[in-house]
């Protein structure tokens, strides 16, 4: 083999080596770009992950109410000695507060003795005169304030209440007081035509009735009304017009 031929073979061999090396380096560089380059193009089909909480399928405590119940709220008529003078004729608010206060004090008597009630009515009317400047015809809001201040209880206002809200409150061991137009209740035990402004203590319910302690009559212990009757009679006192406002539907919820 001549030196010229050997030189040509070496040149060809070197050219092949160079071409192979270039091809290998190119391929490695392409793969590196493919693997390491970030994809910054947003995907229009992707939706953001929702962070909204998953709703609970278990029933809330407020939905659990007894089918029927009657709290052992002691009873008193607003005129415990039968003296229906102006003070006692207008004392349904005080009598309602007294019954609620007795229940949460742990009083287990069915009926509060008249002498105790008379003393309590005197205490409450004096408090009203001191704080409001009057004691006749107090509103639901004022009655709630009196209960909080005198008996140290919680008393909240619920407007436009429903039958279920009454039952939920009672099932939670709370006493309900509802101001009404007494003449719409149709209670035959009232001295007719009945009180234009009245308050009922609601202590329980059955499948069809609402159980009250109605201080407007000595026969008012455990007196039952249809919810529709009470709902139709709801009212609150209006000091501006000095009469009831029958557009108001409000209840006082009393608890410890």
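A Cβ is built for glycine as well, from the same backbone N, Cα and C atoms used for every other residue.
What you are looking at is a predicted structure, and each value in this text was computed from that prediction instead of being measured.
Going by TrEMBL, these are the annotated features:
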type: TRANSMEM; residues: 6-26; note: transmembrane segment
type: COMPBIAS; residues: 34-48; note: compositional bias 'Polar residues'
type: REGION; residues: 34-62; note: region 'Disordered'
type: COMPBIAS; residues: 49-62; note: compositional bias 'Low complexity'
type: DOMAIN; residues: 72-215; note: domain 'Peptidase C39-like'
Helix-strand-coil residue split for the domain 'Peptidase C39-like' (72-215), DSSP-based: 59 helix, 26 strand, 59 coil
Could you pull the average pLDDT for the domain 'Peptidase C39-like' (72-215)? 98
